[in-house]
Amino acid sequence: MNLFNSHLLSYMVPKNLNLNWNFGFILGILLVLQIISGLMLSFFYVPAKGMAFESTLAVMLNICFGWFVRLYHSFGVSFYFFFMFLHIMKGMWYSSNHLPWSWYSGVVIFVLSIATAFVGYVLPDGQMSFWGATVIGGLLKFFGKANVLIFGGQTVGPETLERFFSIHVILPVIILLVVIFHLYVLHRDGSSNPLAVIDMLAIFRFHPVVLFSDIRFIVIVILLIGVQSGYGFISIFQADPDNSILSDPLNTPAHIIPEWYLLLFYATLKVFPTKVAGLLAMAGMLELLVLLVESRYFKQTVSAMNYHRVWTTSSVPLVPVLFMLGSIGKMVVHVDLIAIGTCVVLSVVLFIYKLLDSARVRA
C-alpha cells in the first residue's frame, strides 16, 4: 500500500502538465488490457499448423463475445503503438531524453513491443502474416543457429507457431517488468514539464487532479477501441484482407503489407539493395533514439520553451518525413520508389542528427 500511495496518490508532479503527459498512463493501461485480452485468447488458441487459423476463427464464431475480445486485442495494439509514437515525440520535443534511464528503458520497451507485436501478428497463420514472417526469417538467416532457435528451422514451418506463441507470452511479462523500472526511475528523478522549470511551489499531488484526468482520457480511448472493433472507422488500423485467408506456402501475395506500425521498418528494408544493409539501417534508426540521450552531455540547462530555432526546424519536419517513409512501405517496389525512399531515410537521419547538433547550441 505504501508503494501504491507513493507512486499513484502522493507522488508530486508539476502543475503545468498538459495533455501530452497523459500518454504514459494510457500506454500502461493499454499494456495491461492487452495482456488480459491475450490471456483470454490463449485459452482457445492452438499453436499448430492448420489449427491456429481454425482456432482463431472458432473464437470469432463460437465463443460468447469472442469476436469482441479478438478484435479488441487486434486493434488495441494499433492504439498502443499510436500513443507510443506520440509519447516518443513528446519526449523528443520536451527534452525528456535528459532523463537518461527513463529514455533508455523507454527504448527497450519500444523494441520489445515491436518484437511482441510482430510474433503476435504471425500467430493467426494468415496469408499475409505467414509471408511477412518468411521475409523476416530470410533477413535473419545469417544469424545461423539463433535463427533456427527462434523459427524452429531455416524457414517458417509448423514449429514457428509454437516458438512464436511462447515468445508472445513471455515478452509482455518482460515488458511489464521494464515498465515498472521505467516508472521507478521516472518518479525517482522527477517528471519533466513543458517549461522544464522545477519550482517547489508549483507542484501538487498526483491524486486527484492528474489521476482523474488520466482516467477520463483512458476511458475515452477504450471507448474508441470498442467502436473501432465494432465499426472499423479508422481504416489504417484494419488488417490486410489477405490475412483473413489461411496461409498457403505455394501462393505468394502480389505485395506484402505488414501492420501500419511496422511500415517504418519495412520501408527501411525495402529501399536498400541487400538484406544486411536494410537490417543495419533499421537497427541504425533505433540507435538514433539512443544517441538522443547522449545529447544531454552537450548542455547543462534543459529548456523546452527557450529552444533554438534549429531544434524546431529539425523536429517539426521529422513527422511528415516519417509519414512519407511509412507510406513507401505500403507501395510496390520499383526503381523510382527506391530512390525516393533512400532520400526519405537520409532525411530522417539528417533531421535526428540536427536534433543532436542543436543540443549544443540551445539556450
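Keep in mind that glycine also has a Cβ here, set from the backbone N, Cα and C atoms.
The feature transmembrane segment, as given by Swiss-Prot for the ranges 142-162, 310-330, sits at 310-330.
When the binding-site residues H73, H87, H168 are ranked by how far their Cα is from the Cα of H187 (ubiquinone binding site), H87 comes first. The sparsest Cβ neighbourhood within 10 Å, among the listed binding-site residues (H73, H87, H168, H182, H187), is found at H187. The transmembrane segment (271-291) and the transmembrane segment (332-352) are in contact, since at least 3 Cβ pairs between them lie under 8 Å (pairs 6 or more apart in sequence). Against the transmembrane segment (23-43), the recorded stretches 102-122, 164-184, 210-230 differ in Cβ pairs under 8 Å, and the greatest number is found for 164-184. Remote same-chain residues near the transmembrane segment (102-122) are listed as 38, 77, 80-81, 84, 87-88, 91, 96, 129-130, 132-133, 136, 160-161, 164-165, 167-168, 171-172, 174-175, 178-179, 181-182, 185-186, 189, 258-259, 261-262, 265, 286, 289-290, 292-293 (criterion: CB distance under 8 Å, separation of at least six residues from the stretch ends).
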